[in-house]
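Q: Among the features that TrEMBL reports, domain 'Electron transfer flavoprotein alpha/beta-subunit N-terminal' is placed at A:4-174. The FAD binding site annotation in TrEMBL covers A:ARG206, A:231-232, A:245-249, A:262-269, A:ASN283.
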Amino acid sequence: MSKVLIIAEHLEGKLNPSTARAVSAAVAVQPEAVDVLVLADRVDAIAADAARIAGVSRVLTVARAENAHPLAAVLAPQIAKAAAGYSHVFLPSTTFGKDVAPRVAALLGVAQVSDVMSVEGSHTFTRPIYAGNAIVTVEADPAHAVVATVRTASWPAAASGEHAAPVEPLGLDVALPSHTRFVELKQGKSDRPDLQSAGKVVSGGRGVGSKENFEIIYRLADKIGAAVGASRAAVDAGYVPNELQVGQTGKIIAPELYIAIGISGAIQHLTGIKDAGTIVAINKDAEAPIFEVADIGLVGDLFKLIPELEQALG
Amino acid sequence: MKILVGYKRVVDYNVRIQVKPDGTGVVTDGVKLSANPFDDIALEEALRLRERGVAEEVVVVGIGPADLTAHLRNGLAMGANRAIHVVTPEAVQPLTAARVFLKLVEKEQPGLVILGKQAIDDDANQTGQMLAALWDRPQATFASKLEIADGKATVTREVDAGLEVIEAELPAVVTTDLRLNEPRFIKLPDIMKAKSKPIDTIEFAALGVEAHDHLRTTRYAAPPKRSRGVMVKDAAELVAMLRQKGLL
């Protein structure tokens, strides 16, 4: 029987919603147990959040000062040690999971399955390659542990609430390296919904034209309670910070509503939104590729249409 | 300091990928091949470090069949001092690639290894992290800024929450993100010059690396297609439609 260990992602004492999505993928393996491992300096609040996720058998915690920031070189040896007895180790396919998981896999001497989209069997998975232009079915060797990252846009977050899994501290006797040190995290301060998990997203592209013009994107997003995203072109041009980038090398998202404004729809951008419920495209070029995937299209000048939209929204 | 750079050849960024009808792979016959864009960024960063006097030598590394030589010549034309070609007809998985790099690292003793954060064919995003683990050295993935001083690298990383800055003692592995730099174009005279630069050829089997690939790809499929939807005439109609769908 399978046993899955999930590595919790967290920031500033809060569990990241990507963890509950990884739990959904773990449950699909039909294991006898799904345990969540919390590595942090202060674990209690994070562990309490993790314990409420339906499907979680146990929450294991390792509280060490070295775990205050998610450094792969520090976390990986602890995870590799904790992985003993587990058939699967899952992390979310976020920048956190992408950084840490391969280091764990290499320490365990096993291959990694990146970006699991579906679980076809305990050791059979599908994953995207070529920016999602092909989906491959891969079989992992059952003789070894499976280390995988879970493509969060492919999985709903497991329910959270009534459930209360036991929380147990885990003693790990692991020497940790000091060759890698955290300096700082520069975060954009925002009261808006989180781009990765928001139900609605308004994104702007090169067509928005400038950092100043991007204000109208923010305003529209605020009006409908949406997160703000951007194409690579808009980030490269300096209109918005990098954490707003949606696409192959940015965030892969699956909101119920995605409104693409002034985005032509390069294949790399479409990769990031193909799991969205409804895609709306607003672009002055009726031939833009974004219209080939949009559920609803509106051709016209965004500087005229956005004020009209705001008016229609009342 | 010496810098090793991973330089993978992949199907060009602009090619529209087609899955073979029998599900055994993607069409690569007659398709344009280019350097992995992230590897071009890795090479560019290494060249800039050499130009700033931080490094003396930049070595590009390729793992692949005999005809990979032409691709490695491009890396030399861009400015690398020399190339190492690990010859194998089979595509290797990330763990095997990392083990190959470890062998080369032991031989070459670089101060820095720069790899692309992912190759745009398999999108695995693993080799740099795996090398760092096997080498027991720091990793700084998804770099958008790299500074080397006093035996350490200060790296700004693009993470989901924003920009993270870490310090890594050298030697270390850095993987590149898109905004680290804009790679230079290869100039014609440099192509001529590259012809006389050395390419060391090493047979994969001679490295003593266990090609221990635990993953078997059994099927390739085209992704589910989204179809073209409806066009609306104005903002009011759009809002009405979204309200009807319960999305606003």
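Cβ atoms are placed via backbone N, Cα and C, with glycine included.
Have a look at these and tell me how they're positioned relative to everything else.
A: With a 10 A radius on its CB, A:HIS269 (FAD binding site) counts 26 other CB atoms from all the protein chains.
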Q: Would you find the one among the binding-site residues A:ILE263, A:ALA266 whose Cβ has the most company, meaning other Cβ atoms within 10 Å?
A: A:ILE263
Q: Hey, which of the binding-site residues A:GLN245, A:GLN248 is the loneliest by Cβ count within 10 Å?
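A: Selected from the binding-site residues A:GLN245, A:GLN248 on minimum Cβ neighbours within 10 Å: A:GLN248.
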Q: Excluding near sequence neighbours, so keeping only residues 6 or more apart in the same chain, what lies with its CB under 8 A of A:ARG206 (FAD binding site)?
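A: Residues satisfying the criterion: A:SER231, A:ALA233, A:ALA234, A:ALA237, A:GLY262, A:ILE263, A:SER264.
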Q: Quick check: in three-state DSSP terms, what is A:ALA266 (FAD binding site)?
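A: The three-state answer is coil.
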